[in-house]
Amino acid sequence: MSDRLRPSTRIPAVAGELLQGVRGTPPLTHCITNAVVTGFTANALLAVGAAPAMVDIVGEAGMFARIASGLVVNLGTPTPEQRAAILEAVRGADAAGTPWVLDPVAVGALPVRTALASELLAHRPTAVRGNPSEILALAGDGAGGRGVDAVDTPDAAADAARSIAARTGAVVAVSGPVDLLTDGERVIRIANGDALLTRVTGGGCALGAVMAAFLGASRAKDVDALDAVAAAALVYTVAAERAAAVAGGPGSFAVALLDALDAVGADDVAARARTDEGML
Amino acid sequence: MSDRLRPSTRIPAVAGELLQGVRGTPPLTHCITNAVVTGFTANALLAVGAAPAMVDIVGEAGMFARIASGLVVNLGTPTPEQRAAILEAVRGADAAGTPWVLDPVAVGALPVRTALASELLAHRPTAVRGNPSEILALAGDGAGGRGVDAVDTPDAAADAARSIAARTGAVVAVSGPVDLLTDGERVIRIANGDALLTRVTGGGCALGAVMAAFLGASRAKDVDALDAVAAAALVYTVAAERAAAVAGGPGSFAVALLDALDAVGADDVAARARTDEGML
Amino acid sequence: MSDRLRPSTRIPAVAGELLQGVRGTPPLTHCITNAVVTGFTANALLAVGAAPAMVDIVGEAGMFARIASGLVVNLGTPTPEQRAAILEAVRGADAAGTPWVLDPVAVGALPVRTALASELLAHRPTAVRGNPSEILALAGDGAGGRGVDAVDTPDAAADAARSIAARTGAVVAVSGPVDLLTDGERVIRIANGDALLTRVTGGGCALGAVMAAFLGASRAKDVDALDAVAAAALVYTVAAERAAAVAGGPGSFAVALLDALDAVGADDVAARARTDEGML
């Protein structure tokens, strides 16, 4: 971790508080996500205590984003119908003040979603979650990845994250061995997690949805967007550590992760957290 | 359970008979279902012994519904292509006499599927399966749910279920802690199941597909639609109890449910059944 | 096994070599596959060591097929968008020399995909993988299946496989209790596997994707397409045997298969292989 950052007990406390909030009043979490991970994402949300709703058709996505507690827009398999529904949804979210997370899967490598992601940034997402390649590409700094796999480290994308945050007002969360999250001024790092998360499809995508749920829950608390997104990442990666401890491989890890998202509590989070925070 | 209802050993016997029928001659079960649960639904059908086929494109859905043993139409993520394929399929089912189940996911809360569900009721589904909110909305009595989660009890939807049954001739199955099933005159209740079914995406949707499979198998037996649908619900909820007994959380429950749908037998069903029946 | 074939230690050796190649330099494996199995397919590829990318929209599929190491085209749920993306992708694969696998799910039984499969054969896939019904239908010899379930044995489709191979230059892999693979002249049989593969949705579809990954890895080695496809089938079916040994039913088998695809090594493959080869 950076010398400029100091270990945080504040973030684990916020994570515990929001986790209880999610379970007490399950945030209705609107997901427009890719066809590969939609089942796993819904199960991750249900496991952690949220109420998922996959509403991705034109004529429904906009009105639903207005009543949802949070929204995640994941660009993994953006069919024409989904692209239109996404624009409807972000306009609905904007009108109603619904917090939303943009997950720019494979942006930079593939043209249709890259153009859409640029357009979506103008709608000012509450948060952006991606791997370093995606964040670099989104900031206009990257050469593009090979798809969904990260080829750079979160540190290498710190400037890109700051640039996106400054330009759009979004919290930017860069996933990697040590996650880096920033609102353009403050920075939080989380060293929890397990490499098995990269061996399961949806390991990152489901986190974007959990961030949307935590953002939804944060509205009833005095918690800002950076802290809410960091809380989601911390709960998720602590659950991943619990799961990895009992898994025999990537298949059983995915199953155990759902069990762990259900079982994880504020105490686990406090005991296992390896996070620091400071100024960029 | 209601004082008007008497404990039934008849339904468990029918369930055992149809379960053997499904495994002896696997009913080709045509599924048009939502993107979130399609894999889990196919696996649930395979596990119980049926032969799933996910055929949801225009130009194929209609002809396939004619040769299938049973059809389930689930409105969870109704893209334009699926909506057209659904209409094709129900016309095919109608022409060939294929029994079909309507699962009106989130009807009432979302306009596109609500309009489609009304149109589909006119095609006289063999059965309708939903949670209380959805059944209330379908009958025109509800204010709409928050999506897929139920906010009312099956008892609260009994009049709505009777109304739909009277209007369309469908068997109506209302899912909840105690399932309520009726053809408008007779009523069957099933107290089996486990709360973990609500913590797994597709827990209800897969049941709709299993109902279509059992309706398919019932055609070779002297079993009416209400008994066939109740048999499916009983087998499924007994399997859920077996699964819950070994599960460590929602992830392992979903896996164990598939194992239990494969392993459950007529003896288990008879031993565990908590069901009664009578007149509405 | 046929008297004309002799037990092979060569194929297991090739399988071990390609398995190490996949894990050393994960082949970017482009999947256009059906909505039912897309998550399981991505997880199977990740488990065995490959890098999956599900890119199935117009405007992205063609350019991605040019940079991918291998491509699988699976016709399970061919929406209009996917059909257009598939044609884009196979043209891209053809232009760049990317090896690709055609998985003609339910061809023969359903008209839209049957017409598409015929068109795709003219683009000369590197390999075709299907069950006997599908291979018979693709060769124009079959009466059509009931969907995805096989009603004939691989031996019954040997002439059809040879005919497709002769006409298109493709390796043809016919799945069954004993898999039959041929390039029209040489033939390889693999007796590994487990009946549980037929009780899990995507059991066959994921194999088609693994074949595309192994074809991708074979380009850096002196391995021809028939051997590469046979190596994929052998690794996959040996992993299935490992999984079946610990599974309690179809649900836990699917999970264990992913763990086994991660854990299986060249030694396992050599020890368990039951394969022979010869001339047709």
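Cβ from N, Cα, C; glycine included.
Nobody curates TrEMBL annotations by hand; they come from automatic prediction.
Residues or ranges marked as substrate binding site in TrEMBL: C:MET54, C:GLY202. For C:MET54 (substrate binding site), applying a Cβ distance below 8 Å and a minimum sequence separation of six or more within one chain yields C:CYS31, C:ILE32, C:THR33, C:THR38, C:ALA42.
For C:ARG129 (ATP binding site), applying a Cβ distance below 8 Å and a minimum sequence separation of six or more within one chain yields C:VAL101, C:LEU102, C:ASP103, C:VAL172, C:ALA173, C:SER175, C:GLY204, C:LEU207, C:GLY208, C:MET211, C:VAL229. Marked as ATP binding site by TrEMBL: C:ARG129, C:SER175.
Chain B has a C-beta under 8 angstroms from the C-beta of C:GLY202, taken from the binding-site residues C:MET54, C:SER175, C:GLY202.
Listed in sequence order, the residues of the same chain lying 6 or more apart from C:GLY202 (substrate binding site) and placing their CB within less than 8 Å of its CB are C:VAL36, C:VAL37, C:PHE40, C:THR41, C:ALA44. Checking the binding-site residues C:MET54, C:ARG129, C:SER175, C:GLY202 against chain A with a Cβ-Cβ cut-off under 8 Å leaves C:MET54, in sequence order.
Reduced to three states, the DSSP call for C:GLY202 (substrate binding site) is coil.
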